[in-house]
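Now, the feature entries from TrEMBL:
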BINDING   GLU83, GLY84, THR85, ARG113, GLN127, GLU131, ARG259, TYR263, TYR264  L-histidine binding site
DOMAIN    1-327  domain 'Aminoacyl-transfer RNA synthetases class-II family profile'
Amino acid sequence: MANNIQAIRGMHDVLPEQTPLWQYIELCIRDILGAYGYSEIRLPIVEKTELFKRSIGEVTDIVEKEMYTFDDRNGDSLTLRPEGTAGCLRACLEHGLLHNQVHRLWYYGPMYRHERPQKGRYRQFFQLGVETYGMAGPDIDAELILLMDRLWKKLGIRDKVRLQLNSLGTMPERMVYRETLVNYFQGHLEQLDEDSLRRLKTNPLRILDTKNPVMQQVVANAPELTDYLGDDSRQHFNAITTMLDDLGISYELNSRLVRGLDYYSKTVFEWVTDELGSQGTVCAGGRYDGLIEQLGGKPNHAVGFAMGIERLLALMETLANVQLASPVDVYMIRVGEAAEQEGMRFAEAIRDEIPGLKLQVNCGGGSFKSQFKKADKSGAEFAIILGDDEVSRGEVSVKALRNNEQEQQNMTQQQAVEFLIEHR
């Protein structure tokens, strides 16, 4: 007997009992983004490998170690997208969306990285990405933070997350700081771990983000980027914090906050939680004006963020008060040949009369007892019962499944429709 084929390591199935929470989060996302006037864009999950080499950088962990890259039958190198920012920007450049235009866009879907699977970190993972183009001022940076603050409140987890802010300045400012930082760490090589020694040559700012407890002291004593910011960068950042203060949004200034990708400038931010152990970042983003030119566009402005859905799910599952709607409102039991035929017709009539009602019809036969067990297990509020006797009288029976306040009631089909409308 052949062995069962299982899912690829790090890629998980979302089972029926899990999807209601996913759907609830997705609905909240759509509602909040719609309230701020953002438009959805749908993007391919496969892009040319060159796109990520140019945007993320060839000497990054993502490109060197984590991407799923393959040659297609034409010999072109393709990659399953490890993140969405580059693909979204590629689409906007390709279709001329950035020419003298302002855009607020969002996308949602799976991303792929060949990382070591652990709780909250998968090789296929879902992300919400939000990207804005054509706006240079600090107000759009603040709007993205306000948007997420509203989403956390809607999901009931605002008290579980903290906002951290920093400014990375402009590229010239960061290059001066980078040189100073390299000189500092070269004077403390004996205190750097292997990963930091490698980053010293490729992306020294990432050393500041180390999780190695042995290195905390040497990092704490490192020069701070804020001392190297110019007037424009300072004014931009101060304007953001002033807006957040005015609107009552709490935040923490974190001078060691850097993003893993080189294309960020000025504002960077993260929403973090203490509920998920080492996988504490739930949402992260910032400004990346320089990436547009890097991918062949004219100078422009961009700021956005990405939110990991699996980490958000893990955070919400720590709450005991998440109430989700049942996937079924009404379950129809049919016993007898005439009832099976009439029940299907009546179910369609109910769906016509009550749009949005989730009505599940028992299929595959079975005794009344077995069907009633299925009705109860479905989570439905009510069961509609048809037997051949009810059909001959032009009636149905309605039974409340979630309380004992009502006995089974006999009524006409039209009365049953009115009953369901009244009790929605």
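Note that the numbers count up from 1, one per residue, in the order the chain is shown.
Cβ coordinates are placed from backbone N, Cα and C, and glycine is handled just like the others.
TrEMBL: automatically predicted annotations, no manual curation.
Mapped onto this structure are the features recorded in TrEMBL.
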{"residue": "GLU83", "record": "L-histidine binding site", "DSSP (3 states)": "coil"}
{"residue": "GLN127", "record": "L-histidine binding site", "DSSP (3 states)": "strand"}
{"residue": "ARG259", "record": "L-histidine binding site", "DSSP (3 states)": "coil"}
{"residue": "TYR264", "record": "L-histidine binding site", "DSSP (3 states)": "coil"}
Per-residue Cβ crowding (10 Å cut-off), top of binding-site residues THR85, GLN127: THR85
Neighbour-count leader, CB within 10 A, binding-site residues: GLU83, ARG259, TYR264: TYR264
Taken over the domain 'Aminoacyl-transfer RNA synthetases class-II family profile' (1-327), the model's mean pLDDT: 91
Whole-number Å value of the largest CA-CA distance among GLU83, GLY84, THR85, ARG113, GLN127, GLU131, ARG259, TYR263, TYR264, listed as L-histidine-binding: 21
